[in-house]
Amino acid sequence: MEFEKLANLFSKLETISDKTRKVQYIARFLKELKDQYKETLLLLQGTVFYPWEQKNLGIAEKGVIRAISIAYGIEKQKVEELFIKYGDLGIVAEKACEMRKQKPLLLKPLTVKDVYQTLRKIADIEGEGSQDKKIITFAKLLVNAKPKEAKYIVRLALEELRIGVGEGIIRDAIAIAFSVTPEAVEYAYSILLDFGEVVRIAKEQGEQGLWQVKLQVGRPFRVMLAIRARNVQEAFDIVGRPAMIEAKYDGFRLQIHKKGDQVWLWTRRLEDVTRQFPDVVNIVRNRVKANEIIFEAEAVGYDKKTNKFLPFQKISQRVKRKYDIEKMAKEIPVELHAFDIVYLEGEQLMKKPFKERRALLEKVIDEKEHEIQLSIGIIEKDDKKAYQFYQDCLNKGLEGVMFKNLNAPYQPGRRVGYMVKLKPTLETLDLVIVAAEWGEGKRSGWLTSFTVAALDKDTGNYLEVGEVGTGIKEKKERAEDITFEELTELLKPYIYKQEGKKVYVKPKIVVEVAYEEIQESPRYKSGFALRFPRIVRIRFDRSPKEIDTIDRIKQIYEMQRGGIHKQ
């Protein structure tokens, strides 16, 4: 398929604000799609990489400016002036393409595959002189582009497509195009993480095919998520009685895949951390009695001297570490607490009830202290006994407890009433930082006030819900402390615009934010604002696609209005 067709779709979607109309346009487009499903659907998501691929093109704005200059024979200074004028390098590329003095005699039509493969190729260029090679390769792609194509190729390269299309809209469009349910599309995508494959299955096999997609060892999936409960009674009301009540550990949730001696470790945000945890790989090889298995566990750091658990921020150092890995493994050892299993020796287990999955997990885990153990848990129906177990967990320094429906299947990628978490803290939200302000006086040189946003899952946009500057320290006194300097260094690479003291950053850094209540507010696009927000911690284990949604914020607000929600 010619890329021009996809660029025309992008252009149309960019002008439409109504979600229903966006869905209809994409559905019509998908119905006519004959091939190149993988490439087309990834580009529609504004990327050329699958969610589990830790890759990027490695071309920043300066490199794109050079590529535009080379491709269209325009002075670099002129390109920079256009950027100042329009503030969007996609539009700059479109204008520069229209302005070029010497057009190719034979303009070869670009295909979707051409664009996809070239952008992937750029990401793979490494070594000496790689930046120049990337820019030349990108410039060659732009040479063959028409103005509108150039606009979206540049935006794709910068991962800023700006067409207001997220997973929710794509899900609904696939459902309409092929007469299947959105639930079936979402289920299949949560396992495959490939909308191109989901489209192919929906087209060829329909609803039944989507519900029958299978997990593959060595390929990650989206894990099941918990909803929150405010007390023991509410937790039982959601999951039913009796329930499995398990300790909630303050660590990193891992999905662990094993095939023979090969082991893969992924975090919740689908980050491959196999290399960072050689000790965990050895534990799985030696203590998990299965040839092929996919299970979940919490990796928790502990202090060798005191035998006490370490705070989450301490173990997060290991996830970020790229060197001295063996040394770090000795300094911050971790142990695994296994809590669920979804695949064993060729058998798909997601549709089995939790009590059966737990029994299978118990059979394959060869427990050893400070290596791997099953999560501590009890089966209970009594409020008082459940509350006592909850208090016991808190007294041991654990984060809280999980209540689980004994008869529930495993629902990947969704917050459903099959498991809930109960913690003693204020209500918190996982949000992404989208803007900040430079400090003054002794805080000059640091970003000190942070604008946080929630996800509109349909459009993929991030809508602001407040500004927060508390919960952050000037000096690090404990391992779990967050400093202004630390947040500033994390955000600096993602600054893309500055207006006076305010900077705008790409939505990359996720923080957990506590608050007193949610209020309606015309100040923010979301229509809501957090009252007395405070940053609790940086969520290195959360991706921007996993943060709390606007729907979640609306839900909490409605609960408050009904007098149900009490802090």
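The backbone N, Cα and C atoms fix where each Cβ goes, glycine too.
Keep in mind that what you see is a predicted model, and the values were worked out from it rather than measured.
Per Swiss-Prot, the features are:
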ACT_SITE  Lys248  active site, N6-AMP-lysine intermediate
BINDING   Glu246, Arg253, Arg268, Glu298, Phe339, Arg415, Lys421  ATP binding site
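Recorded residues Glu298 (ATP binding site) and Lys248 (active site, N6-AMP-lysine intermediate) have their alpha carbons 9 Å apart, per Cα-Cα distance. Ranking the binding-site residues Glu246, Glu298 by C-beta neighbours within 10 Å puts Glu246 at the top. Here the Cβ of Arg268 (ATP binding site) has 19 other Cβ atoms within 10 Å, regardless of which shown protein chain they belong to. Reduced to three states, the DSSP call for Arg253 (ATP binding site) is strand. In this view, Arg415 (ATP binding site) is surrounded by 16 other Cβ atoms within 10 Å of its Cβ, with every protein chain counted.
Of all residue pairs in the ATP-binding list (Glu246, Arg253, Arg268, Glu298, Phe339, Arg415, Lys421), the one with the greatest Cα separation is 19 Å apart. Of all Cβ atoms in the protein chains displayed, 16 besides its own lie within 10 Å of the Cβ of Arg253 (ATP binding site).
Phe339 (ATP binding site) and the residue listed as 'active site, N6-AMP-lysine intermediate' have their C-alpha atoms 10 Å apart, to the nearest angstrom. DSSP classifies Lys248 (active site, N6-AMP-lysine intermediate) as strand under the three-state reduction.
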